[in-house]
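Have a look at the structure below before the remarks.
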Amino acid sequence: MWVPGARIPSRLTLSAFTRAGRFCVVNSVAARWKDVPAENCRGLYDFHPQLESDVGFVKASSRLYKSRSETKRYVTSPRLAETMVRMLRGKRKAGQLILECNPGPGILTRALLESGARVVALESDKSFIPELKSLGNSVNGRLEVIYCDFFKLDPRSHGIVTPPVMTSDMLFQYLGMKAHPWKKGFPLKVVGILPVKTERNTLWKILHDLYSCSSVYKFGRAELNLFISEKECRKLTANPQTPGLYQSLSVLGQIACGIKVLCTEPSSSFDMYTIKGQLERQRHRESLEQNLCFIQLTPHRNLFSGTLTPFNYDVFFHMLRQCFMKRNAKLIDHLPSLSPIDAVHILKQIKKHKDVRVIDMYPEDFQRLFETIECSKDDTCKWLYDEFMEDTLS
């Protein structure tokens, strides 16, 4: 059983490579490669940002934080806030902790507090903090306000990090929260709106963190409740019945999480602010017509109960991204570039016809494909790679 609190050792991370080469992963633990310089063999766990020893939660941001040109959406409709609270309540026990990302003017914050929840408000714009702290002073300690950007937790760049950029270790240590075993869940709900300009990259980062049991997922199966654009929501929930939207992100999201679309709201239900709390008009007609979907991402309890683990998830990522590069091709044509194991034998094992296309495979079929190759006893070398994928998170 995987315990997210345990530090995962450094290992080869395929997405970190940037040059072409060829190597095989032996039992997903050791690797042999050619034409890959040593300096490129850096994994996700090889670097941990350092924190200044005297850093406070209200210090000025560092050069790592590039928010001055960012525009953020905020919940400013009391009606929408009440709707969200009803959906978040569910089977929630009284007093459960809600981590609210970028609450802004605090409309949702007030509704959550009125429902009896305890709230940690992570706000990345200093101009909103005084009013939020004033609200916190009136609710007997049920609101904690922290100068932090949840979507920039645990940056992969080098250097000292200062708020609003910080590490999950720093945040959860401050909150006094310890890691929970993966199968026991985590007494925390996260609610927020994905950043407008970096929505897709943020989704990829969330999935990398989830599969690697890093960042917030190092502490347990945190439930995320997020507003994302309807376009990205349709891609995340797509399958072979919607081939034009189906992609590797769809597979990874559905294998990792139970995905529930709680509601759909027009963008007019939100206000957009620039840095320093300045209200911004929505300039483009398409942005006015764009709907946002409120989705719930609940990590599967049994995600790591089989062959897939936080140690070999990057192989699974790479397999999917390679396959979807030629989404309409037959799977049998992809397999020789992925594994030295006989392609016909693999298809028989997963009970698929030789003419099956990548786009015809459901998420569970891809998981079965990965497990079949990973568990094969016929070959010492399980995986082959002819080119390395560019890092999605760079």
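Glycine too: its Cβ is placed from the backbone N, Cα and C atoms.
Curation does not apply to TrEMBL; its annotations are automatic.
Pulled from TrEMBL, these are the features on record:
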{"type": "BINDING", "residues": "Val75, Glu123, Asp149", "note": "S-adenosyl-L-methionine binding site"}
{"type": "DOMAIN", "residues": "80-223", "note": "domain 'Ribosomal RNA adenine methylase transferase N-terminal'"}
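Within 10 Å of the C-beta atom of Asp149 (S-adenosyl-L-methionine binding site) sit 23 other C-beta atoms, taking all shown protein chains into account. Largest CA to CA distance in the S-adenosyl-L-methionine binding set (Val75, Glu123, Asp149): 17 Å, whole number. In this model, the domain 'Ribosomal RNA adenine methylase transferase N-terminal' (80-223) carries an average pLDDT of 92.
Residues in the domain 'Ribosomal RNA adenine methylase transferase N-terminal' (80-223) partition by DSSP class (helix H, G, I; strand E, B; coil) as 60 helix, 25 strand, 59 coil.
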